[in-house]
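**Q** Shown below is the structure under consideration.
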Amino acid sequence: EVDMRCKSSKECLVKCKQATGRPNGKCMNRKCKCYPR
């Protein structure tokens, strides 16, 4: 999980790619969830 606020899952794709190296993630409860870990 990335502690970043989001409005859409598209915002998380960039953040997840930075965090995990893969642009896989969803915006849930206004926070980004990245997977797989």
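The backbone N, Cα and C atoms fix where each Cβ goes, glycine too.
Straight from Swiss-Prot, here's the annotation block:
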- C6-C27: disulfide bond (DISULFID)
- C12-C32: disulfide bond (DISULFID)
- C16-C34: disulfide bond (DISULFID)
- K26: site 'Basic residue of the functional dyad' (SITE)
- Y35: site 'Aromatic residue of the functional dyad' (SITE)
**Q** Do any of C12, C16, C34, Y35 (recorded positions) have a CA within 10 A of C27 (disulfide bond), and if so which?
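**A** Of C12, C16, C34, Y35, within range: C12, C34.
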**Q** Given the recorded positions C12, C34, Y35, tell me which ones have a C-alpha lying within 10 Å of the C-alpha of C6 (disulfide bond).
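**A** Among C12, C34, Y35, the ones whose Cα sits within 10 Å of that of C6 (disulfide bond) are C12.
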**Q** Roughly how many Å lie between the Cα atoms of C16 (disulfide bond) and C32 (disulfide bond), rounded to a whole value?
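**A** Computed Cα spacing between C16 (disulfide bond) and C32 (disulfide bond) is 8 Å.
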**Q** Rounded to a whole number, how many Å is the Cα of C34 (disulfide bond) away from the Cα of K26 (site 'Basic residue of the functional dyad')?
**A** 7
**Q** Report the same-chain neighbours of K26 (site 'Basic residue of the functional dyad'): residues 6+ apart in sequence with Cβ closer than 8 Å to its Cβ, ordered by sequence.
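**A** Listed in sequence order: S9, C12, C32, K33.
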**Q** Can you tell which of the recorded positions (C12, C27, Y35) has the fewest other C-beta atoms within 10 angstroms of its C-beta?
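**A** Taking C12, C27, Y35 as the recorded positions, the minimal 10 Å Cβ count falls on Y35.
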**Q** When a 10 Å sphere is centred on the Cβ of C16 (disulfide bond), how many other Cβ atoms does it contain?
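**A** Other Cβ atoms within 10 Å of C16 (disulfide bond): 22.
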